[in-house]
Amino acid sequence: MDDIDLHSKKVLLRVDINSPVSENGKILDDSRIKAHVVTIKELLNNGNSVVLISHQGRPGDKDFISLEEHAKILSQHLGEEVTFIDDVIGPYARESIKKLESKRVLLLDNIRLISEELIEAPPQQHAKTFLVRKLAPLFDAYVNDAFATAHRSQPSIVGFPLVLPSAAGRVMEREVSALARIFNPEDSPKIFVLGGGKVHDTIRIIENLVRRRIADRILTGGLVAELFAVAKGMNLNPKNMEILEKLGILSLVPRARKLLLSGAPIEIPVDYKVENNGSVSEEPSNRINGIIKDIGTTTAEIYSSFIKEAKVVVLRGPMGVIEDERFKDGSKSVLKAALEGQGYVIIGGGHMVSVLDKGSNLDSSKVHISTGGGALLLFLSGEKLPALEALSLSRVSKS
């Protein structure tokens, strides 16, 4: 936002206030809405008028709803009225934008009401869409503050930068700045704690980390750990193997084995917390009888010792089945070690955040909670983010 003139302008601000909703359409978590307040306030303080665009859910899904409630919640956090416009590119929306006064905020309705917004295409194609051609002439500048959708190549993300002076918002800047530390060679050792059930995604991340020699150590948990245990030739018993087979995880064993044979710094648990006929116990990794539900106490201690020595710790995915209180300990242990250590901590995704004790105060200078699920995955997998590429094109085209 420091690279273009954003004083007394009419600004189109792409935010991501896509939030979880209840069965009756009520917003359950407003953290994404609250996150954008800093960017909006700065724009208003500089005399700009601001028009917000965002999506909510996808057509056909139960969370595909109007943004009317979002406007009310944002008004509360902002301390300023956010006027909701029940339109996106029609005459009502365009006339409201034209009449918008300085230091005022509008929120247009769900941008996915426009079918073009669901199309993935290059920036040059999206710059010619109906959506961009209708809205762009009404603005002096475009700001993208939606890191969580930075992996999408859709009109509201990549189309406007080619036709308007454009910049990244403060949320986007903060995300990119935090994640850049992952690739800074001076910030070593770097420890990646990778768990959860999205194994197909996580192995892509690990392959990139190993190929680029970014990680000093990769600590595995959840189904990710089970994959590498199988790849190492360990016997997890038929019950666990059946679960892995059903989830299609065993098809990844050759890739996991190749990583292990390459000498990749991948750690797998030495013990597990398991469930057997309703009872919970801990078993060594070479004698598993129950169904694996979490990393064991010894593994948690080993992992914690590595984490406390790191300069950068990236946590993505829980160590166990955290939906069950009995299997939260592994995730709590590694998170506690990260927060007590001296390194910079990046937490990717809400699952690990949910393990935090309520009321926990996090030092923002030391801890970054990423808002980007798919965007973070793409970033860690070594792929380019369309939103950032489009902003780069905007700078090139105007230089």
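Every residue gets a Cβ built from N, Cα and C, even glycine.
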Taking TrEMBL at its word that Asp16, Ile17, Asn18, Arg32, His55, Gln56, Gly57, Arg58, Arg152 bind substrate, choose the one of Arg94, Arg104, Arg112, Arg181 listed for that site.
Arg112
How many Å separate the Cα atoms of Arg32 ((2R)-3-phosphoglycerate binding site) and Asp16 (substrate binding site)?
7
Asp16 (substrate binding site), number of other Cβ atoms within 10 Å:
26
List the residues of the same chain that sit at least 6 positions away from His351 (ATP binding site) in sequence and have their Cβ under 8 Å from its Cβ, in sequence order, or write 'none'.
Gly196, Gly317, Pro318, Ile322
Sequence gap of 6 or more, C-beta under 8 Å: which same-chain residues meet both conditions with respect to His55 (substrate binding site)?
Asp16, Asn18, Asn110, Ile111, Arg112, Glu117, Thr149, Ser156
